[in-house]
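Please find one structure pasted underneath; my questions will follow.
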Amino acid sequence: VGLFSPAAFLCAGGRRTSVSVGLHRLVAAAFPFRANFGASFLSSSAGEKGPSLVDLDLNTLFRAPQGAQSGSGGEMGEMGEAQSYDVIVIGGGSGGLACAKRCAKHGKKVTLLDFVKPSPPGTTWGLGGTCVNVGCIPKKLMHYGALLGESAGDARSLGWTKFGAGEGGAHDWDTLVTSVQNYVRSINFGYRTELRDQKVEYKNEFGVFLDEHTVECTNKRGEKRTITGDHIIFAPGGRPRYLGVPGDKELCITSDDIFSLQKSPGKTLVVGASYIALECAGFLTGFGYETYVMSRSIFLRGFDQEVAEHIGNYMERHGTKMIKRCVPVKFERVEADEEQPENVGRIRCTYKNLDFGFETSECFDTVLLAVGRDACTANVGLEATGIQMNEKTGKVLVDAYDKCVGTDKIYAIGDAVDTRQELTPVAIKSGERLADRLFGGKPELKMDYNEVPTTVFTPIEYACVGMSEELATETHGAENLEVYHSYLKPLEWKTNHEFHDMKKGIEHREDNQCFFKLIALKTEEERAVGLHYVGPNAGEVMQGFALAMKLGAKKADFDDTVGIHPTVAEEFTTLKVTKSSGQDPTKRGC
């Protein structure tokens, strides 16, 4: 295990790829079956430059030794030979991986196809899908990195005399990206070894349906082969959407690219109002980059709007510049600018104000588009299978058991499925339960898509489970709801009296920025139908309360629970002020 540690092995494809000849000799000594490794890896002589792990043939490394089996069948045939499987999984993201491994655990012969087409700027990545490579994992690491900078004032107030940018420190983008990408690659590596250990055959190939049981596979060299499967699991995930205006694909990046960006982003425009837009804008602002958010309409559509407004206002007060009710019209590279020569080489964004109709422009070093995602359902042969689609969303229609409408043996899970939450834990649990239904003797084990908790990793985090206040009002009627709410300032913030903006009187750690909301249904003994929290460690706080919500907790159950002091989470056990009372929900003191 130590031989393939991130420091020694997982820089393959990254910026720090050279490895000592000593590692090379260790590999040769530890693995006498030298022929099973890529020839280029073992070709360096003592007088040559040390080997680079970029040259290691991972497909050769992970091929089973001669005589071994993958699943219940033999080894993979040469390109062009047709093979049959119990299960074909298309897509190596969270859901596809979970389903493939669970199917193999039930003794089925499984192959998994995963192929990443490069983004317009050329970014690609390894096994694991969006979450691991260009989503949850790198996003949270960068978010955490930004929070560390924000906590410098807290540290100074508690005795750390030299801490943060105020003491001569600075943030280094290159170090951030290298650390994040090395960890991401360690996960890629772990997934591949796990698939091999669980006898799931992994192929870096693009799958296209030929019919309900047949898939054409194309590798990176353009070579094709055909395979068949008794069951096919379709889990292709999604990719970021572009605006369709001049210059967007040529000059802009998306969340596919930001986490491996080779140079610091500088002055950045984030286009969009989604959680991805606000999360990225938040950590870029936290790292000290001049960051703008351009939004067409409301922030965090689909989330509780009282909370969304609270987060937007907080971000704006703390340095993120908001350009509201505007949309980009075109992007172009600045070739010359006599009045502002510093703009040469930058990206000029011309945008339109939707309220007044005028156009203006601004120049940026980086433009990040976060305007939604599209399911990867185009050009994969779905028309050959009878699968029915939602033409508006481009997503696959399924029944309550994840079977694609219009087919008998094709199932779909994850972000490409209509009306499903685009969340990693949802995809994982859906995939595992699908496998258990098909092969584990649990034909009625369905996924419950209600009361699914989630977190938005904005600078001040937000987590929720259940309904927003808007949805609860629409569903049950305002007269049937009691909304409990409260604000406070975490204990950890109270010793920090530094100012974010002295002129405007904005403290770095403001009073009453943590927010709590419990939406109770009066007609069912005040059963909690929505729970919302804004503040530090939001996901950690909400995960436990999600279980209570799943079990039908009532307001009285929260009241009967003894809180842990001093924590922010204990506030949910002491909520007293309702919106209907008109009382002040803010806090003073402990």
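Heads up, residue numbers simply count up from 1 along the chain you see.
Including glycine, each Cβ sits where the backbone N, Cα and C put it.
Since this is a predicted model, take the numbers as computed values, not measurements.
Positions annotated as domain 'FAD/NAD(P)-binding' by TrEMBL: 85-431. TrEMBL lists Cys131-Cys136 with the feature disulfide bond. Taken from TrEMBL, the feature FAD binding site applies to Lys140, Gly207, Asp415. Residues or ranges marked as NAD(+) binding site by TrEMBL: Gly272, Ala273, Ser274, Tyr275, Ile276, Ala277, Leu278, Glu279, Gly372. Residues annotated as domain 'Pyridine nucleotide-disulphide oxidoreductase dimerisation' in TrEMBL: 452-574. Annotation source TrEMBL lists active site, proton acceptor at His565.
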For FAD, with binders Lys140, Gly207, Asp415, what's the maximum Cα separation in whole Å?
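Greatest Cα separation within the listed binding residues comes to 31 Å.
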In the predicted model, what is the mean pLDDT computed over the domain 'FAD/NAD(P)-binding' (85-431)?
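Taking every residue of the domain 'FAD/NAD(P)-binding' (85-431) together, the mean pLDDT is 96.
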Identify all same-chain residues not among Gly272, Ala273, Ser274, Tyr275, Ile276, Ala277, Leu278, Glu279, Gly372 whose C-beta atom falls within 8 angstroms of the centroid of the NAD(+) site's C-beta atoms; report them in sequence order.
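Going along the sequence, the neighbours appear as Val270, Cys280, Leu300, Ala370.
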Do you know offhand how many angstrom separate Ser274 (NAD(+) binding site) and Cys136 (disulfide bond) by C-alpha?
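Rounded to the nearest whole number, the Cα-Cα distance is 15 Å.
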Taking only the Cα atoms, work out how far the residue listed as 'active site, proton acceptor' lies from Leu278 (NAD(+) binding site), in Å, as a whole number.
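Here the two Cα atoms are 31 Å apart.
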With NAD(+) as the bound species and Gly272, Ala273, Ser274, Tyr275, Ile276, Ala277, Leu278, Glu279, Gly372 as its recorded binding residues, calculate the greatest Cα-Cα distance and give it in Å as a whole number.
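Site span for NAD(+), by Cα atoms: 14 Å.
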List the residues of the same chain that sit at least 6 positions away from Ile276 (NAD(+) binding site) in sequence and have their Cβ under 8 Å from its Cβ, in sequence order, or write 'none'.
Ser255, Ala370
Can you break down the domain 'Pyridine nucleotide-disulphide oxidoreductase dimerisation' (452-574) into helix, strand and coil residue counts using DSSP?
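Once the DSSP states are binned, the domain 'Pyridine nucleotide-disulphide oxidoreductase dimerisation' (452-574) shows 41 helix, 38 strand, 44 coil.
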